[in-house]
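Scroll down for the structure; my scribbles are underneath it.
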């Protein structure tokens, strides 16, 4: 049976140093992969490209921070992950193997089981007589499994912590500090790139489903009453095309996306926020710039039963790959005020933003007046506890209490008339609000795999990884025409050192025939080869070879840095850089 593309990439990955299973000498552990020298470079360049698209091009509104990998339990109780971050599992009663229940149902029956409840999955397994795919044993009951990696912080029992499953919570907890440091401006984007962990039940798709991986994520904080004003760069992408498969279209059985202009998608309510739509359009450009054609990208809207607990609307950004079909490479979510409101409630801290009015205005407000003297006289020793509890209450809670016939605080009934609602006039200079959040979140490792797959070519029996030039792990190779000529080697070494000092990632190769060396460079995606030949010794010129066309031009050795920079970063055509070399 012929190798499929995934198997070819796995072979190259191991042999040339892109990636391989972690802990191989101990048999490996599912869901963990190492990035080798070339894979690490490729991943780093993709991260830098993401930073360019999401941070640097929006740096007047977006900043980047770094937060801890481990967080205390109370953070993840507040975020809802302790309660909601679960997947359904089912165990074989014979061999003891554990499977993710919805995936087992999908693979056995060819249906979409995402979002089905535990009881629905259990019913399907019983009614359809599904058995263990490994030993054909009987399957047990479907249960839920929490995907958080649990740990202990310090030597203290009960000090529970979790490895972060996303970068978002570190950003939300740090929001107030960043907001104040950025002079209290909204909109505000806070980006972060870092490692996360999810204790996946049965990861079986190599780099596509890992237990530890890198995320590139941004939380974009906006004023919910000024959605358009919160996206000052919308015009940059207004005419961009978004291929969207809506939830309603999925329910009708449709599988192909419909193309929407960004502005059209927002105005028609397909995307509920211009900010959400804008970052989707940026995400489209980013993935295209990894070498993925637009017809292999789409956005799939998730239904209410499929969305995460914090989301009002979510679109998965999908890319079509050879082995698994459509896979998610990013999630775009409108998280509303869920996260900041939860952290305000559990921490007791004010995480609101303030928007000043053009000039102060006078407004009428209802206020609750607490008669502390009456409470003190009536409750005596218990008054202190009651007053402290009243001090922690918000205005809305106090108003509800004052309006009730029988007000009870800290288990004590308040004396009649001790809480009064009055109407007052106040001069206000602005309004406070809980910012809403739009989140683009990209799985770095999946995007690296996608870049590898779409770069793969076979040309005249040779493998070429035709990466976009600016993400190629190695940018150039320097080659003396022959390895045993001291003068050629000396000049080649000089060119190599010049490129290294100029900041390029470059390697030197003088082993084997020149054709074999070109092939080695093509196989790892090196976009440019600089060859030092006998003409170099005569007139000081070298050849610059294009990986994708195999054509060459002659340029001055003293021009190599400038010409290579234009070729790699500016997308210059080879023919515009020098004099063509006849084949």
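Cβ coordinates are placed from backbone N, Cα and C, and glycine is handled just like the others.
Per Swiss-Prot, the feature substrate binding site maps to 100, 166, 213, 214, 215, 216, 217, 439, 440, 441, 442, 443; the stated evidence is sequence analysis. Other Cβ atoms within 10 Å of the Cβ of residue 213 (substrate binding site), summed over all protein chains shown, number 20.
Under DSSP, residue 444 (ATP binding site) is assigned to a helix (H, G or I) in the three-state scheme. Marked as ATP binding site by Swiss-Prot on the basis of sequence analysis: 198-200, 208-213, 328-329, 443-446.
Closest to residue 217 (substrate binding site) by Cα-Cα distance, out of the binding-site residues 200, 329, 444, is 444.
The DSSP secondary structure for residue 215 (substrate binding site) is strand. Taking 100, 213, 215, 440, 442 as the binding-site residues under consideration, the smallest Cα distance to residue 329 (ATP binding site) is found for 442.
Among the binding-site residues 198, 200, 209, 444, the ones whose Cα is located within 10 Å of the Cα of residue 215 (substrate binding site) are 444. Comment: substrate site residues 100, 166, 213, 214, 215, 216, 217, 439, 440, 441, 442, 443; largest CA to CA distance 27 Å, whole number. The binding-site residues close to residue 198 (ATP binding site), defined as a CA atom within 10 A of its CA, are 213 out of 213, 440, 442.
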